[in-house]
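Here is what TrEMBL records for this protein:
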type	residues	note
BINDING	Glu98, His101, Lys214, Glu215, Asn218, Gln232, His247	chlorophyll a 1 binding site
BINDING	Arg103, Leu183	chlorophyll b binding site
BINDING	Arg220	chlorophyll a 4 binding site
Amino acid sequence: MAVAAGRAFLVQPSSLCFASHNNLPKHSFGNTSTSLLVKPGNARGFARHMVRAQVRPTWLPGLDPPAYLDGSLAGDFGFDPLGLGEDPESLRWYVQAELVHCRFAMLGVAGILLTDLLRVTGVLSIPVWYNAGAVKFGFANTETLIIVQFLLMGFVETKRYMDFKTPGSQAKDGSFFGLEAALEGLEPGYPGGPLLNPLGLAKDIKNAHEWKLKEIKNGRLAMVAMLGMFVQASVTHAGPVDNLLLHLSDPWHRTIVQTLANSGS
């Protein structure tokens, strides 16, 4: 009966058209071996849907992103389960906040790995990264360093906030000690210029979507890495290079599973 039903189904070419799996985009779940049968009237809409799927990747294949996440932002894959960016003004602020956190995380990860490598190899006699704040500097006391940091970072953050509220205002003559031309003020969060874009990789910020996407992806990875380093330091009381060498010495028994399982003992 199943064979007969199948034959009756397949001998009606006038009501169905065949869409081969070769015409479908390949997703992260692998290649599908299932053939699709599509009605002729729906073929055009089906093709438009597939084109949209190819042009707009989402964090979960097949999931329709929120309407306010239209793919125009760098790194926008439609992920906002809590609806935090539904308000346009809040979304603008979250974009800038993520960008700054990404850059700090990338600097932090690079600094931790480099100094930890120099410490483990004996090139420098320095403490592990989470004890670096306890080191006293001979050229200035702690109070002086805190005041200088507040002044410098406060000035930079104030300028950044002013540019966020009024885009382009910090590129006007007289707004930055005559150095406005060196910053260019292309877009909030992307000042550019020879100071912050010396290689000229993204002179036209409107055509720099690829660079912005790479930065946000690497920044998100760095934020996850920083979280891992925080947990790692709290559980093992060692640096990341120490943990890596310990794992390589006994890969089957020195893993995150065993470490977390023995952390309470």
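Here the Cβ of each residue, glycine as well, is placed from N, Cα and C on the backbone.
Positions of the features from TrEMBL, shown on the structure.
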residue	record	Cβ within 10 Å
Glu98	chlorophyll a 1 binding site	17
His101	chlorophyll a 1 binding site	15
Arg103	chlorophyll b binding site	15
Lys214	chlorophyll a 1 binding site	13
Glu215	chlorophyll a 1 binding site	19
Asn218	chlorophyll a 1 binding site	15
Arg220	chlorophyll a 4 binding site	16
Gln232	chlorophyll a 1 binding site	19
His247	chlorophyll a 1 binding site	16
- Message: List the binding-site residues among Glu98, His101, Gln232, His247 whose C-alpha is within 10 Å of the C-alpha of Arg220 (chlorophyll a 4 binding site), in sequence order, or say none.
- Response: Glu98, His101
- Between His247 (chlorophyll a 1 binding site) and Arg103 (chlorophyll b binding site), the C-alpha gap once rounded to whole angstrom: 29
- If you measure every Cα to Cα pair among Glu98, His101, Lys214, Glu215, Asn218, Gln232, His247, the residues listed for chlorophyll a 1, what is the largest value in Å? 32
- Task: Give the distance between the Cα atoms of Glu215 (chlorophyll a 1 binding site) and Arg103 (chlorophyll b binding site), rounded to the nearest whole Å.
- Result: 8
